[in-house]
Amino acid sequence: MKLHLTLPQSNLIKEAVKVTGSKSESNRILLLQALYPNLEIDNISNSDDAQVMAKGLKIASGVVDIHHAGTAMRFLTAYFASQEGKEVVLTGSQRMTERPIGVLVDALNALGAEITYEKNAGYPPLKIKGKKLTDHKVSLPADISSQYISALLLNAAKLENGLELALVGKITSVPYIKMTLALLTQLKIENSFEGNSIKVFPKKEVKTQTLVVESDWSSASYFYSIAALSEIGSQITLSSYKKNSLQGDSVLSKIYTSFGVETVYQENSIILKKIANPTIENLEWDLANAPDIAQTIAVTCFGLQMSCYLTGLHTLKIKETDRLEALDVELSKLGAAITVTDKTLTLKATTAIHADVAIDTYNDHRMAMAFAPLALKTTIFINNAEVVSKSFPDFWRDMATLGIGVQVQ
Ligand SMILES: O=C(O)C1=C[C@@H](OP(=O)(O)O)[C@@H](O)[C@H](O)C1
Ligand SMILES: C=C(OP(=O)(O)O)C(=O)O
């Protein structure tokens, strides 16, 4: 589906938008619910990734296909490896077979699991024969993806002796590890994270309770970008959010103050108010703790004709696509002066934004959504716009709600 996006007729429409639940929280809680069936979930994400996760957890043998969902791939690998009696081949999309998983497989096999590669060593598909894992100490590199660590931690309390991880190297995407531990703490599963050591203690049962998923902050980033690119005086209301979020991407409220966007927390909503022009000329930010908002921020800077220097982007090359390369190609089409390395992105202030460019999305939901806010500055086409369903199926409907012209070509 190719979409043509056009400018809002006047100011943004002040409709409140209810954003679906965090996919990161949802996929963690779904796994915990499979381990502790007396848990209930509220505000679960309606994303493809949460749906494939829920479906995958119900399968006991045969092929489990998790499509593009990285968290589902990693979390289910640890889950099936520790489920005695289950035997599956865990696979996904073509891109998933190019996203590395060797660190997690090595760690699980070192704990006594039986996982083998169906095709290429270090990559899905995996053949997993579930076993009772009794070893409880393992060390693993922590600088490639935090999802390997969360996968181990989520399943840890059901292991006979719990789990003790020694993390090697600079720990990346730390807030996601803290989110995992915070959810365990909510279930009164004892855990600790000190220096490079994480411990989770065994717990056979948890109290019956409902875990409420906060709405997705990565999804909120596109609305922050819209607010930043809109006229002073515009505002957008999003629910359901809270000030003390488990999601690291909530750092958006801080970052976007530099673009003149203020965040007001009101009951269970956030109101994004465009109150000023950008307060800086160049944004410098290390995004190692919030990699999923890199595309949004780069495009916001481009739309505001600002320069930026983004660092900590070393994980972007192994996500849904090589996001650094994709940003380089697509922003250049629009007229940007951009340079990327394997962990940084530099953008020079642009003088003009080209009109009617068709943005390619590379099977990456965040490419489609990050570029959409440019509709406030120019007319733009988004190719394969349906990719948004990976995390935010209602995205285009919500864009239209705000008054942005969304036409199928
Ligand atoms: O644990 C999670 O829910 C996630 C962790 C991050 O991955 P990395 O740790 O691989 O950076 C993030 O990019 C991904 O979208 C979700
Ligand atoms: C990287 C992402 O997801 P995953 O790794 O779970 O596929 C994302 O949603 O930006």
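Yeah, the Cβs are placed from backbone N, Cα and C, and that goes for glycine too.
Model, not experiment: these values are computed from the prediction.
Per TrEMBL, the feature 3-phosphoshikimate binding site maps to K23, S24, R28, S145, S146, Q147, S173, D292, K319. Taken from TrEMBL, the feature phosphoenolpyruvate binding site applies to K23, G70, R99, Q147, R323, R366, K390. Per TrEMBL, domain 'Enolpyruvate transferase' is recorded for 63-399. Per TrEMBL, active site, proton acceptor is recorded for D292.
Here the features listed in TrEMBL are placed on the structure.
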residue : record                           : Cβ contacts under 8 Å, 6 or more apart
K23     : 3-phosphoshikimate binding site  : S45, S47, D49, A50, T71, D216, S218, S391
G70     : phosphoenolpyruvate binding site : M96, R99, S145, Q147, K319, E320
S173    : 3-phosphoshikimate binding site  : S145, S146, Q147, G248, A288, N289, P291, T315
D292    : active site, proton acceptor     : S218, S221, D249, R366
R323    : phosphoenolpyruvate binding site : A294, Q295, L313, L316, K317, D364, R366, M367
K390    : phosphoenolpyruvate binding site : S47, D48, D49, H68, A69, E320, H365
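Proximity to ligand 2 at the level of Cβ atoms, with a cut-off under 6 angstroms, picks out D292, K319 from the recorded positions R28, R99, S146, D292, K319, R323. Across K23, G70, R99, Q147, R323, R366, K390, which the record gives as binding phosphoenolpyruvate, the greatest C-alpha separation is 19 Å.
According to DSSP, R99 (phosphoenolpyruvate binding site) sits in a coil region rather than a helix or strand.
For ligand 1, the neighbouring binding-site residues among K23, S146, Q147, S173, K390 are S146, Q147, S173, by Cβ distance under 6 Å. Most buried of the binding-site residues R28, R99, judged by other Cβ atoms within 10 Å, is R28.
A coil conformation is recorded for S146 (3-phosphoshikimate binding site) in the three-state DSSP classification, outside any helix or strand.
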